[in-house]
Structure formats: C-alpha cells, structure tokens
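Record features (TrEMBL):
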BINDING   21, 80, 120, 444  (6S)-5-formyl-5,6,7,8-tetrahydrofolate binding site
BINDING   226-231, 245-251, 270-273, 328-331  GTP binding site
BINDING   226, 245, 247, 250  K(+) binding site
BINDING   230, 251  Mg(2+) binding site
DOMAIN    216-369  domain 'TrmE-type G'
Ligand SMILES: Nc1nc2c(ncn2[C@@H]2O[C@H](COP(=O)(O)OP(=O)(O)OP(=O)(O)O)[C@@H](O)[C@H]2O)c(=O)[nH]1
Ligand SMILES: [K+]
Ligand SMILES: [Mg+2]
C-alpha cells in the first residue's frame with residue numbers, strides 16, 4: 001500500500017493558524033484516530049474537531065477538512081487539519097501522527113510529486129507551483145500562475161502532437177514500402193517540421209526573460225572610488241545596506257540587494273570603486289567588481305560629478321551601449337543638464353539632494369520591464385531544464401531534415417518527440433498508432 005504522508009503545510013513558527021496536510025489511503029483513519037473516533041466530516045466541509053492524544057488528553061481544538069480521492073490536490077484521500085499555530089500544538093500533533101501505523105512524514109515536494117504521478121498536473125505546472133510559492137514580485141506571481149494554469153504545458157504538448165503526427169505519417173510509409181510517399185505528403189511532413197523548428201527557435205531566442213524573471217535581473221553598479229555608488233545603492237534600496245564614507249576604496253565585497261521595480265525583481269549589486277589598487281584586499285575587491293560587471297544583465301555606471309568633465313577610464317572601458325550612465329554629485333561640479341559620456345547620454349544625479357533620482361528610477365524600471373516582459377503573448381521559457389530539452393529537440397529536428405534515409409529521419413524525429421516529452425513529463429504510449437489509425441486508412 002502507498003504510504004500515507006503528512007507534513008505541516010504552513011511555515012514553522014508562531015501563527016494564528018497552522019495547517020497539517022495528510023495524504024494517502026490512511027488519511028481518514030488518521031483523522032479518526034486523532035479525534036477519538038468522532039464521525040468523519042462531510043467532504044470539502046470544514047468541521048470543528050477536538051484533537052486528542054493518549055489517554056484522551058486534549059491537544060487542540062481546530063478544524064478538519066476532507067478531500068476524498070480523486071478530487072484532491074494529490075489525487076489521493078487528503079485531510080487538512082487547521083490547528084492553532086504554536087510549536088507545542090504542532091509538535092504534539094506531528095508526534096501523534098508519526099506514532100500511527102502506515103504514516104510517515106512527507107519528503108520535500110512529495111505532495112506535489114504525488115499530484116504529478118496521479119495526473120493532476122504536468123512537470124511544468126509542478127515547477128510553476130514552486131515558483132508561485134517563491135514569488136516575491138507581481139510579475140513573478142503572474143508568470144508562475146500562468147504556467148501553473150498550463151500555458152507552457154499546452155504550448156509544448158501542442159508542439160509534441162504536431163511532431164508525433166509528422167512522425168506517424170513518415171512511419172506509415174516506412175512500414176508499408178509498397179506505398180510510395182506521395183510528394184504532397186512528403187512536403188506536408190517536412191513543411192510541418194520546418195514550421196515547428198522555427199517556432200521553437202524563436203521561443204528559445206527570448207533573451208532568457210522567463211528565466212531572468214524567476215531569478216531577478218542582475219544590475220551591477222560600477223564606477224570610480226567615491227563616486228557615490230554605495231550611497232546610490234542605499235538610496236534605491238531605501239536602507240543602509242552598504243557602508244558609505246568619504247574614504248576612497250570603502251567597498252570591497254559585492255553587496256547585493258533585492259528590489260521590486262514596478263513589479264519586476266531586480267538584484268542590484270554595489271561593487272568596489274575601479275582604480276589601480278595599491279593593496280591586495282582592495283585589488284581583490286576590484287577583481288570581483290569587474291567579474292560582477294561582466295556577469296550582470298545591465299551595468300549602471302556612476303561617474304563622479306566633482307571631477308566633471310573628466311571621466312574615469314577604468315569605468316569607461318566597462319560601459320557598453322546597453323549601460324545606464326549617471327553623473328553623481330551634480331550638486332558639486334559643473335555638470336550640465338544633459339551630459340554625455342563618450343557620446344552616450346548620461347543622467348545628472350545627486351544622491352545628496354535627490355536630484356535625478358526619480359528619473360533614474362523611472363529609466364531603470366522601464367529598462368527592466370523591457371528586458372523581462374518581452375511584451376509578447378506567448379508564455380516564456382522559465383527554466384534551464386526546458387531550454388536544454390528544447391535545444392536538443394531542435395538539434396534532432398535539424399538532423400532529421402538533413403537525413404538521406406526516411407528511417408534515419410524518423411529516428412531523429414523520435415528523439416525530438418522524446419526531448420519535448422521530457423519537459424512536461426509525458427511518457428509515450430501507443431500514440432503513434434493512434435495517430436496512424438485516425439489519419440490514414442491503411443489497408444483501405
Ligand atoms: N556632495 C555629494 N556627496 C555625495 C553624493 N553622493 C555621495 N556623496 C558622498 O561621497 C562620499 C563617497 O560615497 P560612497 O557612497 O561611499 O562612494 P562609493 O562610490 O561607494 O565609494 P567606494 O566604495 O569607496 O568606491 C561619501 O562621503 C558620500 O556622502 C552626492 O550626490 N553629492
Ligand atoms: K567611499
Ligand atoms: Mg562604496
């Protein structure tokens with residue numbers, strides 16, 4: 001018998017309510033045992049229950065909900081206990097459940113895994129559920145909900161269906177060599193494969209926006225020492241995340257802060273000021289600053305307005321045309337209204353007076369939204385796992401198209417189908433035959 005599993009469904013710690021979830025064939029029995037054999041509540045109706053332990057000692061007064069199989073999250077019998085969220089109550093109830101025969105504590109992700117195994121969701125939906133739980137910003141929440149609703153699963157399954165169909169048509173002619181593959185049928189098969197390849201390529205070529213939206217867009221603040229990089233980080237983060245001082249070379253380690261810019265997640269990094277450092281710790285800091293600047297999705301270059309119109313060469317060498325350039329300390333130097341650095345428009349800024357901060361925030365938000373939203377109606381690829389499988393699929397399709405023999409082409413199409421199926425976790429059954437019999441009248 002499948003073991004019945006249980007675990008707290010709410011985060012640990014003191015809370016008004018804590019929920020314990022039980023899933024498996026013994027879920028109802030477990031509830032009965034906890035409630036001294038009181039009648040089971042009606043399905044999907046909250047009922048007040050008195051939870052008691054050994055010798056009838058009361059442990060808590062709470063609510064119980066039953067979701068009989070298969071209409072439950074996992075597809076199994078599920079019981080939810082809504083208890084008071086204290087450590088003492090939770091520990092007592094967990095101990096009582098552990099003591100019951102056939103019950104054990106769930107492993108991480110095991111409820112969702114059972115939901116997948118019972119056909120309640122595909123792998124992309126299971127992943128989306130994890131993303132929704134981790135979501136910190138509105139855009140992350142929207143992406144996760146959309147994927148949980150099956151947007152990616154539908155896209156990948158539709159592609160897979162089209163591939164299976166092309167493969168079935170090709171195999172039909174391989175299996176029945178007396179039948180010539182009519183040129184029109186051959187064109188249809190390869191036309192469909194070509195169309196699919198193009199759609200997959202454009203889905204892959206999305207600037208990684210779905211994956212970035214999960215992780216946050218990485219922005220590195222770079223600039224010469226004392227330009228006010230840490231001051232700017234603190235102003236954007238609205239807290240004293242990094243140490244600010246008038247000593248050049250204050251920042252050494254990279255300091256990351258997580259920001260929500262217009263609903264989009266951003267990881268903003270403050271870095272060491274760039275210069276020829278005399279001392280080893282500072283030069284290690286500068287090495288880290290350069291490395292971070294290279295890995296970042298976007299560079300925010302801060303020049304020192306007190307030096308204007310001179311600009312720092314070390315920083316300049318890291319500024320590309322996607323970088324956002326600001327000239328800070330505009331309150332000190334003779335910084336013009338619309339400065340240009342190396343021909344690139346820059347924003348005059350003063351973290352001290354607040355000048356330019358709103359404009360900078362607006363520009364940053366627009367840039368981030370542009371990188372992460374993509375503005376397209378199609379759902380975004382969200383994981384490296386999907387990317388790897390899709391790339392494998394596209395490679396197999398390219399090989400199939402180049403193959404001389406139909407048998408070899410069919411083998412590559414089969415590999416392509418398998419690669420796609422891995423994304424959603426679908427296994428192949430006798431689908432090929434189904435399609436053949438639906439679309440062909442073999443034997444006529
Ligand atoms: N007048 C003026 N001073 C500023 C401004 N922004 C920062 N400062 C001052 O400039 C000095 C250096 O600021 P930081 O934020 O530590 O500069 P940094 O670029 O992080 O410096 P390092 O970490 O050493 O590379 C501090 O004394 C700040 O108070 C500004 O807009 N105007
Ligand atoms: K400093
Ligand atoms: Mg600093």
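The first residue you see is number 1, and the count goes up from there.
Heads up, the Cβ atoms here are built off N, Cα and C, so glycines get one too.
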Spatially closest candidate among 226, 245, 251, the listed binding-site residues, to residue 80 ((6S)-5-formyl-5,6,7,8-tetrahydrofolate binding site) (Cα to Cα):
251
Those binding-site residues in 21, 120, 250 whose CB falls under 6 A of ligand 2, listed in sequence order:
250
Mind running the binding-site residues 21, 80, 120, 230, 251, 329 against ligand 1 and keeping the ones whose CB falls under 6 Å of it?
230, 251, 329
CB within-chain contacts under 8 A for residue 247 (K(+) binding site), separation at least 6:
226
Should any of the binding-site residues 21, 120, 230 have a Cα within 10 Å of the Cα of residue 272 (GTP binding site), which are they?
230
Minimum Cβ neighbour count within 10 Å among the binding-site residues 248, 272: which residue?
248
For the domain 'TrmE-type G' (216-369), what's the mean pLDDT in this predicted model?
95
Given the binding-site residues 21, 120, 248, 251, 329, which lie within 10 A of residue 230 (Mg(2+) binding site) by CA-CA distance?
251
Go through the binding-site residues 229, 230, 247 and pull out the ones with a Cβ less than 6 angstroms from some atom of ligand 3.
229, 230
Check residue 230 (Mg(2+) binding site) against DSSP and tell me helix, strand or coil, would you?
helix
Give me the Cα-Cα distance between residue 21 ((6S)-5-formyl-5,6,7,8-tetrahydrofolate binding site) and residue 251 (GTP binding site), rounded to a whole Å.
47
Least buried of the binding-site residues 226, 230, 245, 251, going by other Cβ atoms within 10 Å?
245
Per DSSP, to which secondary structure element type does residue 21 ((6S)-5-formyl-5,6,7,8-tetrahydrofolate binding site) belong, with helix, strand and coil as the options?
strand
Taking the centroid of the Cβ atoms of 226, 245, 247, 250 (K(+) site), which other same-chain residues have Cβ within 8 Å of it?
225, 244, 246, 248, 249, 251
Taking Cα atoms as reference points, which of the binding-site residues 229, 245, 250, 329 is nearest to residue 120 ((6S)-5-formyl-5,6,7,8-tetrahydrofolate binding site)?
229
